[in-house]
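According to TrEMBL, the protein has these features:
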type	residues	note
BINDING	Ser9, His67, Gly147, Phe148, Gly149, Gly150, Gly178, Gly198, Ser199	substrate binding site
BINDING	His34, Asp36, His67, Asp176	divalent metal cation binding site
ACT_SITE	Asp36	active site, proton acceptor
ACT_SITE	Asp176	active site, proton donor
Amino acid sequence: MVKAIIAPSMLSSDFANLASEAQRMLNCGADWLHMDVMDGHFVPNLTLGAPVIESLRKHTKAYLDCHLMVTNPLDYVEPLGKAGASGFTFHVEASRDNWQELVQQIKSKGMKPGVSLKPGTPIEEVYPLLDGENSVELVLVMTVEPGFGGQKFMPEMMDKVRTLRKKYPSLDIEVDGGLGPSTIEAASSAGANCVVAGSSVFGAPDPAQVISLMRNSVEEAQKRS
């Protein structure tokens with residue numbers, strides 16, 4: 001049984017108070033902190049990088065789940081490893097030619113390797129990264145187009161989650177985009193166990209209640225399956 005993991009997306013936090021926002025989420029029951037790294041090329045937006053992760057690491061021992069929406073993920077392995085990132089999830093679309101080297105480098109820096117795919121990318125594209133000797137340990141199924149927060153959840157992406165869960169029962173399957181109380185049931189019943197949630201947690205009057213509701217949804221779905 002894979003563990004239910006709730007990872008608030010720090011992209012929705014108050015960046016001027018990152019350390020206290022991170023602590024607030026952990027106090028509310030968060031398991032991981034999700035860090036969106038965007039380069040302005042792979043996606044049009046530009047967010048945080050290694051210096052911000054390094055600054056936050058000084059204030060928390062939490063698992064920093066880094067999602068790299070970048071054109072050259074290999075360039076980020078060393079800086080993020082030094083900065084104290086826990087997980088390094090790259091996009092399959094940006095690493096078709098060098099993913100084996102990339103996974104090896106990520107593991108050598110003590111980070112957990114993951115692969116993500118955009119809504120338009122077929123799920124079959126990640127199979128080679130899961131079936132080889134040097135495999136990733138997490139798949140992040142984007143449930144919105146990557147690059148911006150606050151988008152609407154795409155329920156049709158749940159077919160990818162179902163297919164993955166059937167093929168890889170013990171895999172960490174993460175979903176990101178538009179997740180909250182109204183959409184968690186679709187994701188958890190499809191087999192997702194890691195849930196990234198931004199505005200639905202940070203914008204809630206009681207973030208702890210939202211985190212708890214999402215965790216319960218994942219755990220209940222696992223009992224039913």
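Using the three backbone atoms N, Cα and C, a Cβ is placed for every residue, glycine included.
Shown here: features listed in TrEMBL, placed on the structure.
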| residue | record | Cβ within 10 Å |
| --- | --- | --- |
| Ser9 | substrate binding site | 24 |
| His34 | divalent metal cation binding site | 29 |
| Asp36 | divalent metal cation binding site | 24 |
| His67 | divalent metal cation binding site | 27 |
| Gly147 | substrate binding site | 18 |
| Gly149 | substrate binding site | 16 |
| Asp176 | divalent metal cation binding site | 26 |
| Gly178 | substrate binding site | 22 |
| Ser199 | substrate binding site | 16 |
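Here the candidates are the binding-site residues His34, Asp36, His67, Asp176. The one whose C-alpha lies nearest to that of Ser9 (substrate binding site) is His34. Among the binding-site residues His34, Asp36, His67, Asp176, the ones whose Cα sits within 10 Å of the Cα of Gly147 (substrate binding site) are Asp36. Distance from the CA of Asp176 (divalent metal cation binding site) to the CA of Ser199 (substrate binding site) is 12 Å.
Listed in sequence order, the residues Ala7, Ser9, Leu11, Met35, Asp65, Cys66, Thr89, Leu140, Val196 complete the 8 Å Cβ shell around the divalent metal cation site centroid, once His34, Asp36, His67, Asp176 themselves are left out. Rounded to a whole number, the C-alpha distance linking Asp176 (divalent metal cation binding site) with Gly149 (substrate binding site) is 10 angstrom.
In this structure the C-alpha atoms belonging to Gly178 (substrate binding site) and Asp36 (divalent metal cation binding site) are separated by 15 Å. Counting only the Cα atoms, the space from His34 (divalent metal cation binding site) to Gly149 (substrate binding site) is about 12 angstrom. Annotated pair His67 (divalent metal cation binding site) and Gly149 (substrate binding site), C-alpha to C-alpha distance, rounded: 13 Å.
For the pair Gly149 (substrate binding site) and Asp36 (divalent metal cation binding site), the C-alpha distance works out to 10 angstrom. For the binding site of substrate, formed by Ser9, His67, Gly147, Phe148, Gly149, Gly150, Gly178, Gly198, Ser199 according to the record, the largest Cα to Cα distance is 17 Å, rounded to a whole number.
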